[in-house]
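Engineer: For reference, the structure I am asking about is given below.
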Amino acid sequence: MNQRLNEVASSGDIDSLYLILQEDAYILERIDQVPFVDTPLHISASAGHVPFSLEIMRLKPSLAKKLNPEGYTPIHLALQNNQTKTVLRLIDIDRDLVSRQGREGLTPLHIAASGGMDDILAKFLTSCPKSIKQLTNRNESALHIAVKSEDIESVKILLQWIQQTCMTSILNWCDDEGNNAMHLAALGNQVEMVKLLINKVDMKAKNLEGKTALDIMKEHGLVEDKEVKEMLNGSHILKNVAKFLRSILLFVKRLVITDYREILYMSKKDRNAILVVSVLIATATYQAALTPPTKDMDFFFDNYKWIPYECFLQLNTLAFVASMIEICVHLPSGIGYALHLVLPLVICYVLLTISLWPYFPINVTIGITFVLIWSKTPLVRQKVNGDLKLKKLRKLGGLFMRSINMEKELTEISVHFGRNG
């Protein structure tokens, strides 16, 4: 029966697959119980049968992470056989497949970084950001593999992703021999790669032989290259200045990107929990603004310190605005529905604060609101785009329904005239 199923997987015949399942409903279950096996998904993915692969993955999702006797998952084999469409469809269903380690700790990302798969590499990084941190059994990152493969385009993609996601520590990660990416570029005598990495990697780091990347570059004569020499001289002068300038926005940028990435891939359970907490914080802060400590404002200003209470009001406003933005971002409906709920309450809070506290610095509130909204810009933009797409779909749906109604009316008219005739 297994041999017959493998033949069906080789041909990608879905009808025959279901005939086999009718004869033996537990055949996929028994295959899944074998620790290392070439499953029907391995076979179909290798051959590029996308519909069959998706059908098997839907029936038995665990087979997508199963290793065959050679130590590879179905997506590993699809990559090795250049079945790009199959790879992308499998990732659409389960993005964690990108970080699934196979033989010698290799992930699909490592294979994509080895060269000639720039589009897939970019797709993997955006689908599964954590995969960039996966290492092989030799402690090699995707960047190590790209440099060793002498694929400069893959290195450029990885460098840009690492910098944009503020994970620059990866640039200085070392393999089992203590070599970082710059060491490997110098050992491979790759001038263009050295130019690409020279101002991004720690040049003073030593490998297990006690050599820095600069030492290896001198041994291979790379420092004699005119551009490399200029970059080395300039890097010593500008290094501290550039580091200081980059650090100004690095902290805020890291917060924004991390927040965006976490919310984008957040589970429904976590999203509901954040919504509950945000609602509680919004309720508490609104009540705090609504209920002043005393009705006699002059008595309050004369007998209490205004500055500490002003700080309380500002922090209370910060918490209220932050909770409302979180509610707006995490609501499953479109941005219009969220604004209908959130915006009137925010306006009420501002008007209430101004009426009860005439000395309250409204410019501080505006500044706080602007900073918080700016920090959520990627999420708000995504929500707006999603809402616009939904409106387009609804519009198309309306046109479709109108065409159906028009056809019904025409049919009724033709029937009516046919009877009269």
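Every residue gets a Cβ built from N, Cα and C, even glycine.
No curator has checked TrEMBL annotations; they are predicted automatically.
Note that the structure is predicted; figures quoted are calculated from it, not measured.
Straight out of TrEMBL:
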{"type": "DOMAIN", "residues": "268-335", "note": "domain 'PGG'"}
{"type": "REPEAT", "residues": "70-102", "note": "repeat 'ANK'"}
{"type": "REPEAT", "residues": "104-125", "note": "repeat 'ANK'"}
{"type": "REPEAT", "residues": "177-200", "note": "repeat 'ANK'"}
{"type": "TRANSMEM", "residues": "273-290", "note": "transmembrane segment"}
{"type": "TRANSMEM", "residues": "306-327", "note": "transmembrane segment"}
{"type": "TRANSMEM", "residues": "334-352", "note": "transmembrane segment"}
{"type": "TRANSMEM", "residues": "358-375", "note": "transmembrane segment"}
Engineer: What same-chain residues lie close to the transmembrane segment (273-290): Cβ under 8 Å, and 6 or more beyond its ends?
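Structural biologist: Sequence-distant neighbours of the transmembrane segment (273-290): 266, 313, 316-317, 319-320, 322-324, 326-327, 330-331, 345, 349, 352-353, 356.
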Engineer: DSSP-wise, what's the residue breakdown of the repeat 'ANK' (70-102) into helix, strand and coil?
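Structural biologist: When I sort the residues of the repeat 'ANK' (70-102) into the three classes, I find 22 helix, 0 strand, 11 coil.
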Engineer: In the repeat 'ANK' (177-200), how many residues does DSSP assign to helix, to strand and to coil?
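Structural biologist: DSSP classes over the repeat 'ANK' (177-200) add up to 14 helix, 0 strand, 10 coil.
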Engineer: Can you tell me the mean pLDDT for the domain 'PGG' (268-335)?
Structural biologist: 73
